[in-house]
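*Asks:* Take a look at this one; I'll ask things after.
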Amino acid sequence: MHTEKIIEENKQGQTLVAEKVTGNDKKLFIESYGCQMNMSDSEIVASILVKEGFNTTQKLEEADLVLVNTCSIRDNAEQTIRKRLQYYNSVKRKKNPSMKVGVLGCMAERLKSKFLEEEKIVDLVVGPDAYRDLPNLVEEVEAGRDAINVILSKEETYGDVSPVRLQSNGVSAFVSITRGCDNMCTFCVVPFTRGRERSRDPKSIIEEIRDLKQKNFKEVTLLGQNVDSYLWYGGGLKKDFVKASEIAQSTAVDFAQLLDLCAEEFPKIRLRFSTSNPQDMHLDVLHVMAKHNNICKYIHLPVQSGSTRILERMNRQHTREEYMELVDNVRRILPDCSISQDMITGFCGETEEDHQDTLSLLEYVKYDFGFMFAYSERPGTLAAKKFEDDIPLVVKKRRLAEVIALQLKHSHYWTKKHVGKVEEVLIEGTSKKNENEWKGRNTQNTIVVFPKEHYKMGDFVNVKIDSCTSATLIGTAVGYSENN
Ligand code: SAH
Ligand code: F3S
């Protein structure tokens, strides 16, 4: 078995570099559900298994090992995966009897060995901190035994694992900087499935970005459940920081410093980050964003509710007014910055008045985008233990529809404001609707489509915005941007 560097050109004329292990033809089919962190984790998993002689495949029927990286955030996310497992089962019966199936990620962590009992198709269950154990676990499975590892770690960040970029457009990539979450929002299952918060060594983050740059990537999104809480002082849990040595404390790197470091080191790379929890976002991050042109002016700032009473029940550590003040600061320090939200309707005990508070907060902030959900009780969470899930589904859904309708109006308000301007767009792929058009995003993360002409994937292009829908800007290229 040996590693071979493959260099090829894709249809857009862009050079792609990949490492492939030859001499073994075990095939791995891996798919991810849920958040961007899962997409990024699947790339770590692929890297670990490629070293074991697996080649990735896009064809389920020919896979020796099928891995599904799962999401537990809402009940319907779990139902989607259960259905997918049934589909694997039918493929196994009809076309590929020797196929083995593994479940990774949050559902693996939440359900543990119950998975092996409940879903006969599943041979392997691996939690988010146990991916290094995959080679041993896969060996067990190949020997005909079920295998499971769902141990959560206080240290694991996979900092030294160089991810295999899966289904990448070769232009934008995710780089994870923290794992886990310590915030314990009462509705949220993540602290239970992904464990305690840990930060990754800044050196390994910089190295990963350097590697991406060499491979011609143009945009990096720094990922974490709560990136603003990033803190490196030599490793371990954030909560142990107070106990760390004085030397460790004096050389600690926080999120604003990390962002500054990355922006300084890679002036030609576009940087994004996600997600910002309002309680952990400080003004120094906004100042670093203002200082660097290559940091995109976009903040995903989930709020969940506009009512201080509900925020308290959710254990969000800020009031409505404190959140508004943070938004005011964003507008003051970064006048062109876009802001998006996550919102939950029908949380336990939410009254009509609380709901009106949510609508009025939406009016106040006028978010550019939003991700909105009806509350879904998750077993084991603090809310499931402490509060009754007492809002009828029809009410949750009616409130959700009202929130979505208002958000749509605000999205359109913002897209209209872009019309007539010339904006820098990074070309990320072909438009879904028209193969003669490129699609990319401006700094505010709004999708822009425009005729391809002579431009290529990965080019930074100035685009004149001619018209818009509520979610998309439509324009014409006027030339390369100076970043190109
Ligand atoms: N900080 C994380 C949040 C992950 S969960 C991040 O990186 O985005 C993403 C969103 O799902 C949350 O912001 C919340 O709006 C929603 N969500 C989480 N738990 C939920 C639940 N039990 N019911 C409905 N929506 C939920
Ligand atoms: Fe979940 Fe709150 Fe953390 S939403 S991921 S517990 S910040």
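Even glycines carry a Cβ here, placed using N, Cα and C.
Feature annotation from TrEMBL assigns [4Fe-4S] cluster 1 binding site to Cys35, Cys71, Cys106. The feature [4Fe-4S] cluster 2 binding site is assigned by TrEMBL to Cys181, Cys185, Cys188. Per TrEMBL, the feature domain 'MTTase N-terminal' maps to 26-143. As annotated by TrEMBL, domain 'Radical SAM core' applies to 167-413. TrEMBL lists 416-479 with the feature domain 'TRAM'.
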*Asks:* For the recorded [4Fe-4S] cluster 1 site, enumerate neighbouring residues of the same chain (Cβ within 8 Å of the Cβ centroid of Cys35, Cys71, Cys106, site residues themselves excluded), in sequence order.
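*Replies:* The answer, listed by sequence position, is Tyr33, Gly34, Met37, Asn38, Asn69, Thr70, Ser72, Ile73, Ala77, Gly105, Val190, Thr193.
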*Asks:* Would you mind reading off the Cα separation of Cys188 ([4Fe-4S] cluster 2 binding site) from Cys106 ([4Fe-4S] cluster 1 binding site), to the nearest angstrom?
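*Replies:* Cys106 ([4Fe-4S] cluster 1 binding site) has its Cα 12 Å from the Cα of Cys188 ([4Fe-4S] cluster 2 binding site).
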*Asks:* Does any of Cys35, Cys71, Cys181, Cys185 have a Cβ within less than 6 Å of an atom of ligand 2? These are the binding-site residues; tell me which, or none.
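*Replies:* Only Cys181, Cys185 meet the Cβ criterion.
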*Asks:* How many Å lie between the Cα of Cys185 ([4Fe-4S] cluster 2 binding site) and the Cα of Cys71 ([4Fe-4S] cluster 1 binding site)?
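*Replies:* That separation, Cα to Cα, works out to 17 Å.
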*Asks:* Cys71, Cys106, Cys185: which of these binding-site residues has the highest Cβ count within 10 Å of its own Cβ?
*Replies:* Cys106
*Asks:* So how many other Cβ atoms are close to Cys188 ([4Fe-4S] cluster 2 binding site), meaning within 10 Å of its Cβ?
*Replies:* 22
*Asks:* For the domain 'TRAM' (416-479), what is the mean per-residue pLDDT, to the nearest integer?
*Replies:* 97
*Asks:* I want to verify one value. Collapsing DSSP to three states, which class is Cys181 ([4Fe-4S] cluster 2 binding site)?
*Replies:* coil
*Asks:* Counting each residue once, how many in the domain 'TRAM' (416-479) are helix, strand and coil under DSSP?
*Replies:* 3 helix, 36 strand, 25 coil
*Asks:* Using the Cβ centroid of Cys181, Cys185, Cys188 as the reference point for the [4Fe-4S] cluster 2 site, which residues of the same chain not in that list have Cβ within 8 Å?
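*Replies:* Output for this site, in sequence order: Asn183, Met184, Phe187, Val189, Val190, Pro191, Gln225.
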*Asks:* If one measures from the C-alpha of Cys106 ([4Fe-4S] cluster 1 binding site) to the C-alpha of Cys181 ([4Fe-4S] cluster 2 binding site), what distance in angstrom results, rounded to a whole number?
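*Replies:* Cys106 ([4Fe-4S] cluster 1 binding site) and Cys181 ([4Fe-4S] cluster 2 binding site) have their Cα atoms 13 Å apart.
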*Asks:* For the domain 'MTTase N-terminal' (26-143), how many residues does DSSP put in helix, in strand and in coil?
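*Replies:* Counting residues by DSSP class gives 61 helix, 25 strand, 32 coil.
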*Asks:* Long-range neighbours only, meaning 6 or more apart in sequence with Cβ under 8 Å: which ones does Cys181 ([4Fe-4S] cluster 2 binding site) have?
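*Replies:* Correct list: Cys188, Val190, Pro191, Arg194, Glu197, Gln225, Asn226.
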*Asks:* Measure from the Cβ of Cys35 ([4Fe-4S] cluster 1 binding site) and count the other Cβ atoms within 10 Å, all protein chains considered.
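*Replies:* Cys35 ([4Fe-4S] cluster 1 binding site) is surrounded by 20 other Cβ atoms within 10 Å.
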*Asks:* Are any of the binding-site residues Cys71, Cys106, Cys185 near ligand 1, with a Cβ under 6 Å from it, and if so which?
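*Replies:* Qualifying residues: none.
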